[in-house]
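> What Swiss-Prot lists as region 'Disordered' is 1-103. Summarising the annotation, Swiss-Prot assigns motif 'Supraphysiological nuclear export signal' to 44-51. The feature region 'Binding to the viral RNA' is assigned by Swiss-Prot to 83-113. What Swiss-Prot records for 112-261 is domain 'Peptidase S3', and it gives sequence analysis as the kind of evidence. For 186, 219, the entry in Swiss-Prot reads site 'Involved in dimerization of the capsid protein', with the evidence type similarity to another entry. For 850-915, 863-895, 864-897, 869-879, 1061-1073, 1103-1178, 1108-1182, 1130-1172, the entry in Swiss-Prot reads disulfide bond, with the evidence type similarity to another entry.
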C-alpha cells in the first residue's frame, strides 16, 4: 500500500550471523550406512542442483538406499545426463506488486470509501466526493462510520443515489471529481477499467455483487465515475456508472440489461417457505422436473423484485449450463403454449383462428411493427428451434417451418425477427394487418384493422430509409433481452371441453384419460355429478351429450387474453419477458440539399430544392421573434428580411443558422449627389424619399415665390407710367423696374433719417433679416448633424476609482472594455466578455403522461349461474356482468343452460411499453436564478470561463479580484408558469392539474414517475355486451390524448423564443438570451496597478485612419505615430462609444508608430483614443461594407448609423443656399422698391 524505499547503492547479499554452537552437542543419531557409489551419486546431484538457478528441491525422506543387482560403473558425463536430478519444486506464483500510481489510488480509495453493512456483512460501499457522501440507492444497510451514518441522506432516484453533506471536519479530506474522461484505462478496486466509446468496461468475471458504490479513479486520484452495477457483454462486462459532465451535472450511464451490484439476497416464498430467489428449492427445482410446481412457484412470487432471478433459475435448472445467455431468454417461452382465439376476419368471416392477432404496435420508426398472435414462433413441441413455429391444431400442438409464415399490409412485409408470441416486421403503409401461414393444403389467416405508417425521424418527411444522412434519436424495438420492466402477462389456461375424451362403452359413457394427465368431468343424468380423475372412469350416463370432460393442462401457461375464458377458482398470474421492447436508438435520417443562399441589402433569399416535404422555420433574434413555420414540398424561393438584431433559420435536419445584416449600400456617401441619394435610398428608402420630396418642394416654393416677388416689384415700378397717357417708359427702367425720373431719398438718406429720429427701429430693420437667416441655417444644421454630436457623450468613460462599476449589454460575445484609472497609477485595461448566460428556473415535476394500453383480462364465464364484480385498484377500472350471452351446449363454454349463463368482463388501463422512452413531463415553473460564464482580463491577469451568479449579491473570486454581476435590468423568462418537456424539446402549455385530466386530451394518463404506482387515468372506457357465442370482451374508448397532443403540439420553444434564447435540459434552462443589461462591479487588487512613474509617457500623438469600413467586424485600421519617454507596454482604449478597439494594449518603442483595428457604425468616425495617460482624436471617412449579410453579430452599437456624411451635408447646404438666394434677392428688391415708393409718396 505504501511506496517502497528506493536503493541508492548496489544491492548486497544478506550477511548471515555466526551460528551458535552448543558446548555439549548431542550425539548424532545412527544412520544406515550408504555405499560409496550412492554417496558419489548424491554428491553429484547436489552439485548440479547448486548450479541451477531454480529453487532447490527439498531433500527426500531418509531411508535405506535402493538395492542394486549390479554395481554401476563410475559415472561419466553421458551417464550424468541419464541420471537427471528430480525436478525442482515450482515457485508459488506471486501477484505483481502494484506500481506507485496504483498504490496511491488504492490508498485514496481505502481512506475515502466506507462499507455499507447489512446483517453483519458488506452489502456495498459509500464514497466521499467533493464534500458529499454518495451511497447507491439500491444498497440497503448502514454506513460503517459513525459520523457518516448520522447524516440525513437525500434521495435522487433518477440517478439511483443517496447523497448528503459530510461534516465540516471531513470536508478537507474528500475525493475530488473530474469530468475529463479521455479514452484509456482508469483505476478501480479490482484493477484497470477501460473507457472507450463512452462506456466503462472490465474483463468478464471482474467485479460483481457487493461492488456497488466503489469509485473509479484517474491517475491523479480524482473520481471519474461511481460504479452501480454491470452486465455481461461477451468477453467483457459493461459497468453501470454515475459520472459528471463538463457543466458539473450528474449523468447516469446504464447499459441495457444492467443489474445492480448489491450483495443483499432477495428471498422468495413457496408454501410458506422462504428461499433465495436464485436458488429455488429442490422440490420444484426447475421446469423440466416439476412443471406444475414450478409454474405455481413463479405465480406466488409474481410481485417479487427478484422475479427475474427466480425465472432464470427455473429455466436454467441451476446445474445445467446454457450455451449462451441469449438461450435463457429463448427458453423462457417453453413455459407457454399456443392457443386458439377469436379472429374478426379470417379471410371469409369471423372464426376461431390458430393465429389470431392479439395486438399490433407501431410506435417504432421506419415502418417497423410488432404483432402479437396466438401462435408461437421459434419453438417446437420439443424445444427451442428458431426455424419453426407452433400452433394449436385442434386439441394438439403442431410445428411447421417458419417459411410458411407471411405478413402483409397493402403489400407483403419483410420479417425482421420472431420469438414467442411476437413477430417483428417492416411493412409498407396500409390500413390493415394480415398474418397467416400454410399448413399443407390448409391456409390460416387473420386480419385486423390497424393503420401502418412510415414514421420518419426529424423534420423531413421521407418515405424510405436513406442510405446516408444524419443520425437522430429515434425509437426502435430491440432484438435482445431486456430484463426489467417489460412483461407479457400469463396464466394457467381455463378448462375447455374435449369431446374426444368421451365414448360409449357397454351403453355407458366412459371417460378416457391420457397417460400422465388429469381430467375433470361434469355429468347430468339426471343428478349432477362432477369430479377429477387421473384414470379411465365410467359414468352412469348413457348419452355423450349428458357429460362434459375437461383435460386439465397445468403444465403450460397461456397469454392472459380477453379472447380466452378464465380458469375456475383463484387464478394466479405469471409473466414472461417481452422479446422486442422499444428503446431509444440512433436512426439515419435524410439531409435535404443545402439551400442556395443569395444576399441583398437586409434581405436573405433562399432557393430551396427539397427531395420530399421539408420543414423550414425562422425566427428573429430580437424582442419580437415573429416565428414562421412552413413545409416546403417543391422547389421554391423564399425571401426574409434580416435586421441588425439577427435572423435564425432551420432547414430540414440541418443545424440552425444565424445571420445578421450589415449597413451596406449601393452608392457612395462621399460621392456626387446622385451617388449620395442612391446610397441613402438603399438604406433608408422612406426617409430618403421624404427628404427628396421636401427639397423639391423647397426649390419649387422658392422659385415660385421669387418669380412672384420680382413680378410684384416690376408692377410697382411701372404703375406711374401706366397712368400717364402716351408715357414713354425708358428701356433701362423697363429692365430694372425700379428707376423713376422723379428724385427720392436713397437708402443712405433713409438710414440717416432713422438713425436721427428712431435708432431702435434702425437696429431692428438692420438685424432682423440677418437674425432670421442665422436661425434658419442653425435649425437645419441641428436637424441633420447635431444628433451624432449629442450621442457622442454616450459611452463608457474611464473609471477613476479602485472599485469599478458599469453597465454592460447582456449579449454573448460582445466585450465590455474600459480603462480603470487610479490616482498615482497607470490606467489598467479591463475587459469583461460574456461566454454564456443561463436562466435556470426552479421546477416542480407535476406528473408524466404517455400513451396508455388497455388491459383486458380473460373473462369469467359462469354456466347456469350468476357472478358479480368486485372493485380492484386499477386505473380506470371497468367491470360489468352480462347474462344470456352463450347458447345451450355452445362449444366455447359447453353450458347446459341457455339464458342463465353469464360473463363477467373486465378492463382497465395501464402504461404502454413505450412509456419508458416516449413520454412527456409536465412541470410547474417558478422564479429561478441567472448564471453567467465570463472571461475577464484586467492588466496582465486573464481568467477564462468563470461561473458567476447574476443576482447582484453573490461575489465571485476572479484571481485576487472580486466580481459582482447583476441583477438583470429585466426580470424576463421565456418560460410560462407551466411547461411540457417532450424528448429534447420544451413547450409552453397550460396542462391540467394532477387528477383532473380529461379523456382524449393531454393528461388523460398521469403518474408521478414512469414506474410509480400512483397511476391516474380517464379514458372514457366503456364495456360493451359481447356477441352471443363468442368469447371476447368488446369495449369503446377515447383515443389517446397524448398522441393527439403530439400531433397538435405546435412549434417548440426553441423555435419561437425571443431574444435568440436557446432552450436546453438537465436542468431546464434558457441560454444566451440577449435581453436587458447587466450591472457589474469589480474590485481590482493593488497588485494589478503600476506606478505611473514606471510606465512610458507618450507625447506627439498623431492618429490617421488608413482604411475604414463601417458596420463591419473590426473593418477599420488606424495608425498612430508617437514619441515615448521609454519603451514599454501601454493599454489603449476609446472612452467614447463611437468605436470599439480590438487590441487591449500595444508595445511602444521610444518613437515610431503602431496600428490598431476598430469597429464602428459611423460613416465619419471621430473618436478619442487613450494611450497610457495621453489621448489623441482619430478622424476619417468610412465606406460601406460589401457584404450585405454575415454570420456574426456586430461588435459595436448602431446608434450612429443615421448620421449624414459631410459630403452629403455640403451638397445639402449648396442646394438649400442656392434656392434661398432667389428668395433673398426677391425680398431685397421688394423691400427697396417699397421703400422708394413710400418715400416718393411723402
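Glycine is no exception: its Cβ is also placed from the backbone N, Cα and C atoms.
Worth saying up front: this structure is predicted, and the values here are computed from it rather than measured.
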> Of the disulfide-bonded residues listed here (850, 897, 1172), which is spatially closest to residue 869 (disulfide bond) when Cα positions are compared?
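Nearest candidate: 897.
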> Taking the Cβ of residue 1108 (disulfide bond) as the reference point, list residues of the same chain whose Cβ is under 8 angstroms away and which are at least six residues distant in sequence.
1115, 1116, 1117, 1118, 1160, 1165, 1180, 1181, 1182, 1183
> Nearest to residue 1178 (disulfide bond) by Cα, among 219, 863, 864, 879, 1061 (recorded positions)?
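Checking each of 219, 863, 864, 879, 1061 against residue 1178 (disulfide bond), the shortest Cα distance is to 1061.
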> Can you figure out which of 186, 219, 864, 1061, 1172 (the recorded positions) comes closest in space to residue 915 (disulfide bond), comparing Cα atoms?
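Nearest in space to residue 915 (disulfide bond), counting only the recorded positions, is 1061.
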> Kindly assign residue 869 (disulfide bond) to one of the three DSSP-derived states: helix, strand or coil.
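Going by the DSSP assignment, residue 869 (disulfide bond) belongs to neither helix nor strand, so it counts as coil.
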> Which recorded positions from the set 219, 850, 879, 1073, 1103, 1130 come within 10 angstroms of residue 186 (site 'Involved in dimerization of the capsid protein'), judged by C-alpha positions?
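Matched recorded positions: 219, sequence order.
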> Rounded to a whole angstrom, what is the C-alpha distance between residue 1073 (disulfide bond) and residue 863 (disulfide bond)?
71
> What is the interatomic distance between the Cα atoms of residue 1103 (disulfide bond) and residue 1172 (disulfide bond), given in whole Å?
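Residue 1103 (disulfide bond) to residue 1172 (disulfide bond), Cα-Cα distance: 15 Å.
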> Just checking, which of 863, 915, 1130, 1178 (disulfide-bonded residues) has the fewest C-beta atoms within 10 Å of its C-beta?
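Relative to the other disulfide-bonded residues in 863, 915, 1130, 1178, 863 has the fewest Cβ atoms within 10 Å.
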> Out of 864, 879, 1073, which of the disulfide-bonded residues has the smallest number of neighbouring Cβ atoms within 10 Å?
864
> Counting all other Cβ atoms within 10 Å across every protein chain shown, which of the disulfide-bonded residues 869, 1061 scores highest?
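Counting Cβ neighbours within 10 Å, the top one is 1061.
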> Measuring Cα to Cα, how many angstrom lie between residue 863 (disulfide bond) and residue 1172 (disulfide bond)?
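Rounded to a whole number, the Cα-Cα distance is 105 Å.
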> 10 Å Cβ neighbour count around residue 1103 (disulfide bond)?
21
> So for residue 186 (site 'Involved in dimerization of the capsid protein'), how many other CB atoms are inside 10 Å of its CB?
21
> Rank aside, I only need the closest one: which of the disulfide-bonded residues 850, 879, 1061 has its C-alpha nearest to that of residue 864 (disulfide bond)?
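Checking each of 850, 879, 1061 against residue 864 (disulfide bond), the shortest Cα distance is to 879.
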